[in-house]
Amino acid sequence: MSQRKYFGTDGVRGEVGGPVINAAFALRLGYAAGRVLVRRNASRQGGRPQVLIGKDTRISGYMLESALEAGLSAAGIDVVLAGPIPTPGVAYLTRALRLVAGIVISASHNPYQDNGIKFFSAEGTKLPDEVEAEIEAALEQELGCVKSEDLGRARRMSDSQGRYIEFCKSTVPHSLDLHGMKLVVDAANGAAYHIAPHVFRELGAEVYAIGVSPDGFNINKGVGALHPESLAEEVKARGAHYGIALDGDADRLQMVDASGRIYNGDELLYAIVRDRMRQGKVEGVVGTLMTNYGFELAMGRLGVAFERANVGDRYVLEQLLARGWQFGGESSGHLLCLDCHTTGDGTIAALQVLAALHANKASLSDWIADLRLYPQVMINVPLQPGQDWKTHAGLAAARAGVEAELAGRGRVLIRASGTEPKLRLMVEAEDFALAQASAQKLADSLG
């Protein structure tokens, strides 16, 4: 794939008012994407192509939505405005309404000062690389406008949230009845603020909701999946059975039990996979380079194949599709259940966990008791300009020694930071002291 100027691994993202997240660029991006989609759907019957736009609750969403809408209309695309809705909700509605593409305006777990724009295909999956490349090329052309009779229209979709709520509920058996269960749901003042509490209430749970008062500036601020400690306190204070924390665009999940214990993505994925094993539905699972070694060992004990992808749910999805598997995720809480949805979905993942516990009459701590996560130690070492750590003899020797010592009892991961001149040295081992000593050996070898 050729070098991209604008698109990263998760669409276009940056600080509002910066080079790419501004009204002028969004207008151009809407027009460029619109021209590509019109050309690719020239033989489509039934009028102009339609594109869905959804967003989270950032103040900049209004500006970017209007600019994208104008650009798409100028290219001859009809626009459906879904309003605030989770990223996976855009994927679902794009597919359900047979639209040619979906657009999400969100920077996920980032603060309100950032925003992003990413695309879904008509199938509710990430836009193919070749289509992104065509949009990049179209961005280099002048902004134009189709003839007046070919301009696109825009309409607001009044029932987008209700449709998505029903879809979420449809992913669990009708026998799942949450009456008698008390939940705290934290929507991070983000896209799921109206949706997530309703999903669990309509299945019978008593729900106390936090992070459901967005003001355009408080998305992810001290709440949500990046701050599960506040949820843990709420769960204990209210005597709830579980807490559910989503991030700003609701594609990430963390959970808390009645004792205040926080469960990360590895633990929640294990809960889902173990239940699907009971149903005979698991061929393999994809994690990432950061997935805990204890999870890998647990998959081995279950007899489930396990593979690691690069960090990022996009890469997990690519491996799942390539292998024909259905389950994968990241420690951060991006969980994919492709038997339910085409993309990662925090609300649906939480439902799968609760359905597993309900079906097996188990608590979350008991259900994942066989999963033992290994202590992890990370040391960041500054890299000197021009220093090639891959050919550093001292580091290579230290790594060989550490890996020999840890054989079957841990692992080593060494990778350069993608944002700063640092080398990240990560060690997981049976006990913290061993992990810490091993990581320090690696760091000292670079001294």
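A Cβ is built for glycine as well, from the same backbone N, Cα and C atoms used for every other residue.
Swiss-Prot annotates D247, D249, D251 as Mg(2+)-binding residues; of S108, S121, S417, the candidate listed for that same site is S108. Taking a C-beta cut-off of under 8 angstroms and a sequence separation of 6 or more, D249 (Mg(2+) binding site) has the following same-chain neighbours: D56, P86, T87, V104, S106, S108, H109, G190, A191. Of the listed recorded positions, namely S108, D247, the sparsest Cβ surroundings within 10 Å are found at S108. Other residues of the same chain near the Mg(2+) site, with their Cβ within 8 Å of the Cβ centroid of S108, D247, D249, D251, are D56, P86, T87, S106, H109, G190, A191, L246, G248, A250, R252, G346. All chains included, 31 other C-beta atoms sit within 10 angstroms of the C-beta of D251 (Mg(2+) binding site).
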